[in-house]
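Visitor: Here you go, one structure.
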Amino acid sequence: VATVDCSEYPKPACTLEYMPLCGSDNQTYSNKCNFCNAVVDSNGTLTLSHFGKC
């Protein structure tokens, strides 16, 4: 199972680097920062499905 450490999040701003991750909500997040901010917003219900686009 793929995991991402989101302990340093949320962050107020994310970089524009493109390293897509696919969330359990079937949405593609452009990078770890955007994904982790969404995880925090979801109170931990959002998880990583896999690396790369959904």
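Count begins at 1; order follows the chain as displayed.
From the backbone N, Cα and C atoms, a Cβ is placed for every residue, glycine too.
Given the structure is predicted, the values throughout are model-derived calculations rather than measurements.
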Visitor: Do you know which of N26, N43 is annotated N-linked glycosylation site by Swiss-Prot?
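Guide: Comparing N26, N43 with the record, Swiss-Prot tags N43 as N-linked glycosylation site.
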Visitor: Please name the cysteine among C6, C22, C33 that Swiss-Prot pairs with C14 through a disulfide bond.
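Guide: Matching partner in the record: C33.
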Visitor: For the disulfide involving C22, grab the partner from C6, C54 as Swiss-Prot records it.
Guide: C54
Visitor: Looking only at DSSP and grouping its letters into three states, which state does C22 (disulfide bond) belong to?
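Guide: In the DSSP reduction, C22 (disulfide bond) maps to strand.
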Visitor: Mind checking how the domain 'Kazal-like' (4-54) divides into helix, strand and coil residues in DSSP?
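Guide: The domain 'Kazal-like' (4-54) comes out at 10 helix, 9 strand, 32 coil.
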Visitor: Counting Cβ atoms within 10 Å across all protein chains shown, which of the disulfide-bonded residues C6, C14, C22, C36, C54 comes out on top?
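Guide: In terms of Cβ crowding, the pick is C36.
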Visitor: Between N43 (N-linked glycosylation site) and C33 (disulfide bond), what C-alpha distance do you get in Å?
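Guide: Between the alpha carbons of N43 (N-linked glycosylation site) and C33 (disulfide bond) there are 16 Å.
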Visitor: When the Cα of C14 (disulfide bond) is compared with the Cα of each of the disulfide-bonded residues C22, C36, C54, which one is closest?
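Guide: Out of the listed candidates, the nearest Cα belongs to C36.
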